[in-house]
Amino acid sequence: MSIGRDGITGLILLAVSLFLLVKSFQLPSLPIVPVGPGFYPAIVLSLMAAASALLVLQDLLKRRTPAGASDAPRRNYRLVVIAFAIVGAYVALLPFLGFRIATVLFVGALQAALDRPRTVRQWVVLATIALGTAVMSYFIFERYLLVLLPRGAWTGF
Amino acid sequence: MARTLVTMAGAAALLAALSAPAMAQYPERPIKMIVPWAAGGDTDNIFRPFAAELQKHIGQPVVVANVSGASGTTGAREAKAAAPDGYTVYAVHDYIHLTFYAGISDVKYSDFEPICLVSATPSVLTASAKTPWKNWQELADDAKKRPGEITVGATLGSTSHIFPAMIEKAAGVKFKFVSYDGLAPRMNALLGGHVNLTDSNLTQKGKVEAGVLRYIAIASEKRDPEAPDVPTLKELGMNIVYEVARGIFVPKGTPAPVRARLEEGCVKATKEPSFAQAMKVQGTRVAFLNANDYAQFLARIDNENKVVMTDLGLIKK
Amino acid sequence: MLDLLWNGLVNIAQWKYLLPLFAGTLIGVIGGSLPGVTITMTVIVVLPFTYGLDPLAGLAAMTGVYVGGSTGGLIACCLLGIPGSPSSIATTFDGFPMARNGEPGRAIWLGVWASVWGGLLGALFLVFLTGPLAAIALEFGPWEYFSLFVLAMAMVAGLSESSLLKGLISTAIGLLITVVGHDPIGSVPRFTFGSAFIGGGFPFLPVLIGIFAFAQIMTDLEKLNSPRGEALQSPAGVRLERFSHLKVNLEIFKQPFLLAWSTIVGLIIGILPAIGGSASSVMAYDQAKKFSKTPNRFGKGHPEGIIASEASNNANVSGSLMTIMAFGIPGDAVTAVMLGAMTIHGIQSGPLFISQNPDIAYGIYAAYILAHPCMLLICLALMPLMLRVTSVRMAVLAPVVLVLCVVGAYALNNTMQSVYVLLLFGVVGYMLVKLGFPLAPLILGLILGDQIEINLVRAIMTDANPWLFLTRPISCLLLLAAASSVGLAIWQHWRHQTRMAGEEPDF
């Protein structure tokens, strides 16, 4: 009997739901509401805890075929991590650089990370797309959808 | 990757240098008006026509941004955190006092500079047509016989809760409050008879004329010409005037010339006949107060609300 | 009644109304097709124009936006695998696989035509049954709503492919997400640990886009074996197939029951306020799967899934128009804005609205009906352009789509908070997909979570007697249906399990 991926997930979820369940009993209640704010979360969390426990059990009882011999295509997790990092940087810098500057940089950087340009021409195409996306989305939202996009705290732009 | 980063940093530095803020004549770009409730609600319906009028007199677009959530607290926090440059104004109403005392929000009215009071909407106590009461007296008699059984739909801890609670106290009765956030869900429940009473306003006149709702009493100083048959609470012997007051704030620290410019725009906007018309259909009157008077008004209202919340046992701060 | 409708149609057919209607529909389709741009946002854009116009012209434009937006969402679903608007979530489940299988045109046109027929069928109910249907909706008190939502969750438990248990956990996670932040009754902060970011709660739309957009884009990226591999193509394949409108329509009408039932589900959800198109799409999808002869093909590009989802979300529009027509009570943000536009023109809403303002009421009906052919024309014109998206390189598509998602999330509430939520749930969504948790139950949990809580607490606050859930007839019926739905799902699942051995999902 060994624990698999589902089992570990189940254990984590079980721990989280039990922790929050305890928290939900500590919530203060209001005088005019007969059930406190922890009433409904406690129901949901009990459900989740029970289901997670069952998932762990199911995983432990499952007959396992020996690992390895997977014919799934090799997956490029490096690219996923890089992409998440670039998006993270974009979101973090957005309020400081302002929408227009941050978007040009983001679209350029993510494109370059996914498909590194080699010739000058490819760099020009990349820059054009980056600028175009920022300008187009800015105009559509600011001018037509009346959404004032964030301005940079550092740049004032 | 490294090359991209260098390019990025270079571009950022260049753009930062180019766009050094130059303080020119205010306003030189669009102004964002934070409305802390969803589009299509009462507050939104009142401030959108106001934004259009203000825009005419201030010479730059005034863009309504609905920042809703957490009983209006999200919008309040956003407005408090905004740069005090006059490009973010905050459309506020009495909830700002209530959410603070109820401990829902840490934002107080005094975190802002008042610009002007815009409008006042009298509350109207409204009953479902599925209830037997034709007037206040029948309601009060029934309520005395069955304390804690007559249901009132309300946003707990907000104006729609405080108003019926004030009536409770004045008339010596006890209601049972049920949480219904927003006027539309309250109307639904009232029409279906799932609650007996609620706080509404004169925008619901069409339903009263159709006989699916009954106006019991209005909380204004005098009877409203739009609904001359509805008695005021004062006539009924309760000293309650309850109007939802809506106005404009800017974050604390906004320069005085900018505030003066906004106040001036506000004066002109509220004088427009088209604005009066727009408010009339919202069951609201135009109630202009300049920055100084509004500040005193706010201090008074804040104190009143604190007393009411203490009486109701809802106070946390 | 028919002559009133006829007059309405003739009235709307004038240029001064037809033009705003067409423009509104166009804006709606475009807005709907952009992930993150909601119908509410689009309808607000039209609002300022309606101040100056004849009231009916403004309302026609808004109706156009509503109809166009409900359809436009399917384009992003099919081509990008990301719902263009929340009301088309379930279209993603089959539309995107079908497009990936090399039939993006068929997927989109199945959706568009199903929208047209579902919408027009809904119009029949709207014109002839508004009064009685809206009256039934009023009978729904907190008990009935609660039981209805329990039924919805029970139905969707059956949607999970591999594991009923994981479906259940997904549902619970969805519900849990809505619990975080200030509680909807007394605004007590829950599970915030003193953080203002968590205290703001996790609003539906950024969570939804985050989960779908990142799960889709990131799983595509991991298949790019090397940054310069030959697999650098867009999600939906490059080749454009030949398809015929006749064939697509035959496919829809081959199953009249599916079309009719999806329409009715959409309509019912539409009449009941505060639920909305997203729930109707998911629920109709689930119903289609339950009644289908080929439930196993769902999720792999089955036309039935697309038809159910799209027919129901357009019928949903006709349902939500009913409550403002009959009572002047808006059921969602879009109808709230429409009602605001009426009020500005001094039109008194309420139960007397239709009889006092027949030209406006029937004008809105007519605009609703005529919006469908307009939408069809617009789609015919735009589609060749839209289908070009499928030939855009992933390296270009991914950043552009992500920018749209970020802007959309920001615009929803005009705060960065929503953008942070988007990113957070992007990571969560990607992990859940990797761990084999189905997204559909999670989404439904997310849609209904706070409504379940609010109605449960309302019921208790109104009357402390818990038996009311069983003694009120509609509520009891709904709960019985929920119980039998769970039973059916377990049975179907068990039968499915005995046929094939469970497999480990690959990581």
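A Cβ is built for glycine as well, from the same backbone N, Cα and C atoms used for every other residue.
A TrEMBL annotation is a machine prediction, not a hand-curated record.
The domain 'DUF112' annotation in TrEMBL covers C:18-444. The annotation transmembrane segment is assigned in TrEMBL to C:21-47, C:59-82, C:107-131, C:143-160, C:167-185, C:191-215, C:257-276, C:321-344, C:365-386, C:392-412, C:419-447, C:467-491.
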### Query
Across the domain 'DUF112' (C:18-444), what does the pLDDT come to on average, as a whole number?
86
### Message
For the transmembrane segment (C:107-131), I need the partner stretch with the highest count of C-beta pairs below 8 angstroms, choosing only from C:191-215, C:257-276, C:321-344, C:392-412, C:467-491.
### Response
C:257-276
### Query
Would you call the transmembrane segment (C:321-344) and the transmembrane segment (C:392-412) in contact, using three or more Cβ pairs under 8 Å, pairs 6 or more apart in sequence?
no
### Message
Suppose I define contact as three or more CB-CB distances under 8 A, residues 6 or more apart in sequence; do the transmembrane segment (C:21-47) and the transmembrane segment (C:257-276) meet it?
### Response
no
#### Entry: Folded-back contacts onto the transmembrane segment (C:365-386), same chain, C-beta under 8 angstroms, at least six residues removed
5, 8-9, 11-13, 17-18, 21-22, 24-26, 28-30, 33, 56, 59-60, 63-64, 66-68, 71, 75, 79, 105, 108-109, 112, 115-116, 119-120, 123, 126-127, 317-318, 321
## Note on the structure
Spatial neighbours of the transmembrane segment (C:467-491) not adjacent in sequence (6+ beyond its ends, CB under 8 Å) are 139-141, 143-144, 146-148, 150-151, 153-155, 157-158, 164, 290, 459
### Query
With pairs 6 or more apart in sequence, are the transmembrane segment (C:167-185) and the transmembrane segment (C:59-82) linked by at least 3 Cβ pairs under 8 Å?
no
